[in-house]
Amino acid sequence: MRFGLNIDHIVTLREIRKTYEPEILEALFIAKNTHKVDLITIHLREDKRHIQNEDVLRLLEISPLPINIECSINVAITDFLCSLKNKPSKVTIVPENRNEVTTEGGLDCSLKGLGEVIRAYHNKGIEVSLFVDPLKDALHFAKEHQVKQVEFHTGVYANLHNALYSNANNQIHAISALKDKCPKELKEELHNAFLQLRRMSKEAFFMGIVVCAGHGLNYTNVKELLKIPSLRELNIGHSVVSKAVLVGLEKAILEMAQLIKR
């Protein structure tokens, strides 16, 4: 299993104060020196709430690890990434809403202009992945557009798992739609969410599409996903950075790697 470390929220801390620390390159080399991280993931958002264009340039110039850049189909961002001298190892196209706190679901593959953006990256020799819900239609769209990777949105699975097996439902930011559900109902929905991820991962495998997954994964809910044999990569960020605040980034990375690289 490949471990993609998302370091967006290292930069979130920097941007809150509009200062120079924490240094994104230091985080990069801490990750590299653990010898457990396979790639670095960053999300270049339209509103630049964390990662900035300059961060992209610096990372691509010196990173010893592959860089996966998440982004929308925004024209300015597409043009910027296509113009880069140092190319990312892949671009993962994600949906984006300026009012969202974080990505809320998978990409709508009927989105106008999506095919053109995929072709623009392919023409520059940049591999494309699509951040999608685990659905057949998304896989067929990927196949039709010569996209060799998808990343399944695991938010539904992760939220249900957290509601059942953590104190998430007792916290200030509990998800209202899950808070009042009984454990039996949550277990059934969680089981169905897992089965859907497993079914669509198998489907993708037989279609020749590499399957990655991410969103909302943490030290507890990630374990079940390791039972999906066709899953090749997990991208995890917020939970690792959250733990790093308390125990340090190196230890937080190693603890996650111990779970997913068994």
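Every residue, even glycine, has its Cβ placed from backbone N, Cα and C.
Annotated features in Swiss-Prot:
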type	residues	note
ACT_SITE	H43	active site, proton acceptor
ACT_SITE	E70	active site, proton acceptor
ACT_SITE	H215	active site, proton donor
BINDING	N6, R17, G216, G237, H238	3-amino-2-oxopropyl phosphate binding site
BINDING	D8, H9, R45, H50, T102	1-deoxy-D-xylulose 5-phosphate binding site
SITE	E151	site 'Transition state stabilizer'
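N6 (3-amino-2-oxopropyl phosphate binding site) has none of the recorded positions R45, H50, E151 nearby, counting only those with a Cα within 10 angstroms of its own Cα. Straight-line distance linking the Cα atoms of D8 (1-deoxy-D-xylulose 5-phosphate binding site) and E70 (active site, proton acceptor), rounded to a whole number, equals 10 Å. Each residue contributes its Cα atom, and for E70 (active site, proton acceptor) and G216 (3-amino-2-oxopropyl phosphate binding site) these two points are 15 Å apart. Residues near H9 (1-deoxy-D-xylulose 5-phosphate binding site) in space but far in sequence (CB under 8 A, at least 6 apart, same chain), listed by position: H50, G237, H238, V241, S242. Of the recorded residues, H43 (active site, proton acceptor) and the residue listed as 'active site, proton donor' place their C-alpha atoms 12 Å from one another. DSSP assigns E151 (site 'Transition state stabilizer') to a strand in the three-state reduction.
Taken residue by residue with DSSP, R45 (1-deoxy-D-xylulose 5-phosphate binding site) is part of neither helix nor strand, so it is coil. The two recorded residues, R45 (1-deoxy-D-xylulose 5-phosphate binding site) and H215 (active site, proton donor), show a Cα separation of 16 Å. The two recorded residues, E151 (site 'Transition state stabilizer') and G216 (3-amino-2-oxopropyl phosphate binding site), have Cα atoms 13 Å apart. In this record, 3-amino-2-oxopropyl phosphate is bound by N6, R17, G216, G237, H238; the longest C-alpha to C-alpha distance in that set is 25 Å. Under 8 Å, Cβ to Cβ, and six or more positions away along its own chain, R17 (3-amino-2-oxopropyl phosphate binding site) finds no residue. Taking a C-beta cut-off of under 8 angstroms and a sequence separation of 6 or more, G216 (3-amino-2-oxopropyl phosphate binding site) has the following same-chain neighbours: T154, G155, Y157, A158, N159, N162, H238.
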